Amino acid sequence: MDLRNASMVTEFILLGFSGPWELQVFFFVTFTLIYGATLMGNILIILTVTFSSALRSPMYFLLGNLSFLDLCLSTVTTPKMITDLLAEHRAISLWGCMAQMFFSHFFGGAEMTLLIAMAFDRYVAICKPLHYRTIMSHRLLRGLVVLSWITGFIHTLSQMVLIINLPFCNYNVIDNMFCDLPLVIKLACIETYTLELFVIADSGLLSLICFILLLISYTVILVTVRQRSSGGLSKALSTLSAHIIVVTLFFGPCIFIYAWPFKSFSGNKILVVFYTVITPLLNPLIYTLRNQKMQEAMRKLHSQNVRSMEVF
């Protein structure tokens, strides 16, 4: 293609969900409620972990960071997705599209790494309880959180430095609710086969490796609990099975989208909804709000706030 005779793209058109007006309104109300619940749930967890003296253990420190990442990841894509449902012109600027891809992979990559850190924390707590406080020191915790952010940054930067200079001309329609690497790369005016392979190797392998490591860690934990206490197995199985479901809902779509050959990828919007809308809501429900100690800390903080307001 002669790029000199092609009109360069300044914005992309997001097709989003297609259907009758009533269906668009239904999606608008549903996603708005889910996003509102995601914001409230994750903010509540962050505030509780920050101000509750009873939640000073490494596990809750990691859970608070997970909630912050979920909050950021959901905010990168969901508000735009919601407003576009009732908009006639569903456009996003070229740089807005690039920013959306950068931050979605930044927070997504950081969350994947943090989930590995959380699994390691549970492994140490269950398999090496006598050495838990020694191993999971404040220095190690800060290092794990910083490592997750660095991993997310390197992950997204390694891809964006190659994509940001791609020429986009003429065709600018993305069959999705937001900008994402597989669909945007296919709109470039040049051959992108090598770049597609790099994205598969980067995003696809990162998702697959993290998912396998999590499954291995959960398996080791279950085997250890089974060997030590048959009574604790049912409780551990109940807790970890819920974790595995959430992890599968998050990593499953990522693996399918980024590890699948680009020409075979149809842009399944249901998969996209799972890891951008549903999972950020399920994480606080499964990992944190079901926790009895977290519930008690929330009630205690609420009571303290009520008493403080009564004094004033």
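In case you wondered, yes, glycine gets a Cβ from its N, Cα and C as well.
Keep in mind that TrEMBL annotations are predicted by a computer and have not been checked by a curator.
As written in TrEMBL, here are the features:
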type	residues	note
TRANSMEM	25-47	transmembrane segment
DOMAIN	41-287	domain 'G-protein coupled receptors family 1 profile'
TRANSMEM	59-82	transmembrane segment
TRANSMEM	102-120	transmembrane segment
TRANSMEM	140-164	transmembrane segment
TRANSMEM	205-225	transmembrane segment
TRANSMEM	237-258	transmembrane segment
TRANSMEM	270-289	transmembrane segment
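Counting Cβ pairs under 8 Å to the transmembrane segment (237-258), the stretch among 102-120, 205-225, 270-289 with the most such contacts is 270-289. Looking at the domain 'G-protein coupled receptors family 1 profile' (41-287) alone, the prediction's average pLDDT is 84.
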